[in-house]
Amino acid sequence: PSVNVVSILSLPLPELSKKLRDGSLPLDHVFYAYVGKALQITTETNCITEYLQESEAQLRKAKLSGKQGLLYGVPVSIKDSIDCQGHDSTMGFIKYLNKPAAEDSVVVQVLRRQGAIPFVKTNVPQSLISYDCKNLIFGQTRNPLLYTKTPGGSSGGEGALVGGGGSILGIGTDVGGSLRFPAAFCGICALKPTGNRLSKRGIMSGIVGQKAVAAAVGPMAKDVESVALCLRALLSEDMFSLDSTVPPLPFNEEVYSSTQPLRIGYYETDFFTMPSPAMRRAVRETKQLLEEAGHTLVPFELTNVDHVIFNFCIGGMFADGGTSFVKKFNGEMEKVGMGLFFSLAKSPHWLKTLLSWIAKPFVRSISFYTVDEVWSLHHEIEDFCHQFIAQWKKLNLDVMLCPMLGPALGIGYPGKLSVAVSYTMLYNALDFPAGVVPVTMVTDEDEEELKGYKGYYQDWWDRTLAKAFHGSVGMPVAVQCVALPWQEELCLRFMKEVETL
């Protein structure tokens, strides 16, 4: 009764961690404040899959040892697909139940060495290849801000828990927007680093072996400073010694704390997925504030995004015609939200040929690629990346301001709208660091303007997306902040600038 839980839960991570390290806040007060809040949020949203009982023993050990890392005593939530010793990483598949991980993933090992206390694992969509959050084991996770909306995915449980205040720091993964969707939909911040900036050892993958689209592991929190503190803690000697494939690049404080004016590229649309009125307004208002603060904003024109999404992203991920991915579902009772994809992946070649006349790029992208075609695809991706960087350098840009899909879609819609990942997946294909910062909320005017939403193709997908956006007044809308590969600190510095403004 004497513990002021509300004041503990209101502290931002840098302040909380400082109070834990200097002893002005007892570890168990903080731990049980978050356990209680997490229980409340998962009762409302169904976001937690498992309580890590050993966290209580770790808490007692931390109090006795007095050994302090940057995240000493901080309770951290972990996405289902990230291995924690003695616990399942199911990816929403029944077949992976009761198959506990033999050891912690490298990221979890480093968190523990930095004093953090992983205390829960969180829900994901079946297979991870979705930006909704539902499976047959744990069911549907809901958005903590509006229960009829999805929290996003695949790190959807993390988004719901952190967004609802039940965790101060979450760790998720991203192969097409899986950190950024939940952050944007639930009104928090997240960073998708360059694919190999943080170790992926001990992390389950939805699609094994594909190299076309770079997966990444990254932090989610209420504010940018908290995300930066997590990255600072993870980019330690422990990370580099536990996984020698990770380049030994410690956190660059000088870049992050710089106040030099930035030269910022921006665009309002990718000309593939038409932005909602709130998305477009979010970019425009952020651009204006950045200009007023003394930064230079330069228009950047995207081209051929449809080609990138269908050929590089979907084609590269499913270059075997989706065969290995479909095999993962053998023995599962249901393929949650994957109906269209499964129908196409299992179709005979003659039917795909026929269907390709109706929806050519999508059908072709999940056809079987020959070895020569795969090599050609990789060369194309490399060429596209070099061309993109050349355009970036020609404009002398530091960072890029981009739209982020939003507001949160209604539950069930992401399964029908796989092509709407265009704004996020582009930066997995390029392997650029990309962060999300909430900047505004949907207004009545946005909702009214949405009635005229037609989309660029005016097809079934565009009509469905218009329906999915509706009923979102008061929901958060974010922007993406992007930097060149390995420049996470510059990306975070830009995110901090946007958040402050």
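Glycine is no exception: its Cβ is also placed from the backbone N, Cα and C atoms.
Curation plays no part in TrEMBL annotations; they are all automatic predictions.
If you look up TrEMBL, you'll see 33-492 marked as domain 'Amidase'. Residues annotated as active site, charge relay system in TrEMBL: K79, S154. For L128, S154, V175, G176, G177, S178, the entry in TrEMBL reads substrate binding site. The active site, acyl-ester intermediate annotation in TrEMBL covers S178.
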Legend entry - Tertiary neighbours of G177 (substrate binding site) (same chain, Cβ under 8 Å, six or more apart): Y131, L405, V421, Y423, T424, M425, N428
Legend entry - Pairwise C-alpha maximum, in angstrom, for the residues (L128, S154, V175, G176, G177, S178) that bind substrate according to the record: 11
Legend entry - Chain-internal residues, separated by at least six, CB under 8 A from G176 (substrate binding site): I129, Y131, V213, C313, V421, T424, M425, N428
Legend entry - Distance, S154 (substrate binding site) to K79 (active site, charge relay system) (CA atoms, angstrom): 9
Inset, instruction - May I have the list of same-chain residues other than L128, S154, V175, G176, G177, S178 whose Cβ is within 8 Å of the Cβ centroid of the recorded substrate site, in sequence order? - result: I129, S130, Y131, G153, S155, T173, D174, L179, F181, G206, A215
